[in-house]
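S.K.: The structure follows.
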Amino acid sequence: MKRKRSRTSQFEGGKDFGILHLYNEIPIWQQENEYLLSGYRPTSDSFLQCTWSLTLWHNETINIHSHILGCIFFGAAPWHFYHCVYSVYPDKSSTDLILFFMYLLGVSICFGCSARDHSSCHVLWNHSPSIASLGTQLDYAGIILLMWTASLPSIHYGFAEDKVARNFHWALTTLVASGCVWVTLHPRFRSPCFRPYRAIMYTGLGLSALFSVFHGLWLYGFAVQRRRVALDWMLLVAVFNSLGTAAYASRFPERWWPHRFDFVGASHQIFHVMVLLAGAAHYIGLIQSFHEARHASTAHSTRPSQSRSP
């Protein structure tokens, strides 16, 4: 007996998008957001079919392509930084180049993992439970990589005059990030009962970044740190991330308007767009910090030495 097409496929007017399912028609392991009621791909057990879905229209299309765009943009950004920013200064440091490249490639890898794997795989979401679980782990690892590589240059510029403090915060952030990766990938911590421990580690990574900011403010004051670490841009980063997280956590707007945002405008899509904007704002802020550091270095090297009065 031929299976009847879901209302989603009928809603799409019979176009060749494949048979899309309703929320109550998909397996439990795919049921992540009960407020998105339609547009789901059926379980495929095929990498080829999952990849082919990149060309189709479903409720993960915007999630996938928004992060593919981010992956390409930040993957090309090292070229922009090197030729348009870094090469301008004669007294540039290789440390700046390494830190920028680490951040930009970290963002690109994160978005690449997310495009393939986010929320139990955007592309591979409908493959199988085991692949979906692996995708979730890779996605979390990509987020940790993004947070770690974003913190390193900010710490570098925030403690430009104190290598001991800089190295301390680098070590602290790296240690916590390593712990986060461990609890994410180790089989022992995949059980739901260890979810609080994973949450503690992720919170610790965010707090380690905040700790470096407040430590810098305490040592040097707001005016100095505002220039050094581009606090205005970092505040904008926090706003974008907060808006995205709030939409994702509250399931806004699909929670209040069922069916209307199944394909376009859902909370997860808002979250993706906000993360892209936050990444771009962070990049601009780091460029401002780089300019400030180079100007400060030039001013220091050209400052005339003053002899003491007898």
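For all residues, glycine too, the Cβ spot is worked out from N, Cα and C.
Just so you know, TrEMBL annotations are computer predictions that nobody has curated.
Note that the coordinates shown come from a computational prediction; the quantities given were computed from them, not determined experimentally.
So TrEMBL lists the following for this protein:
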TRANSMEM  97-118  transmembrane segment
BINDING   His122, His268, His272  Zn(2+) binding site
TRANSMEM  167-187  transmembrane segment
TRANSMEM  199-222  transmembrane segment
TRANSMEM  229-249  transmembrane segment
TRANSMEM  269-287  transmembrane segment
S.K.: Return the stretch with the most CB pairs under 8 A relative to the transmembrane segment (199-222), choosing among 167-187, 229-249, 269-287.
M.R.: 167-187
S.K.: Which residues, given as numbers and ranges, are at least 6 beyond the ends of the transmembrane segment (167-187) yet have a Cβ under 8 Å from it?
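M.R.: That would be 137, 140-141, 144-145, 147-148, 151-152, 155-156, 159, 194, 197-198, 201-202, 204-205, 208-209, 211-212, 215.
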S.K.: May I ask for the residues of the chain that lie six or more residues beyond the transmembrane segment (229-249) and have a Cβ under 8 Å from a Cβ within it?
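M.R.: Same-chain residues near the transmembrane segment (229-249) but 6 or more away: 154, 157-158, 213, 216, 222, 267-268, 270-275, 277-278, 281-282, 284-286, 288-289, 292.
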S.K.: By a simple count, how many Cβ atoms lie within 10 Å of the Cβ of His272 (Zn(2+) binding site), its own Cβ left out?
M.R.: 26
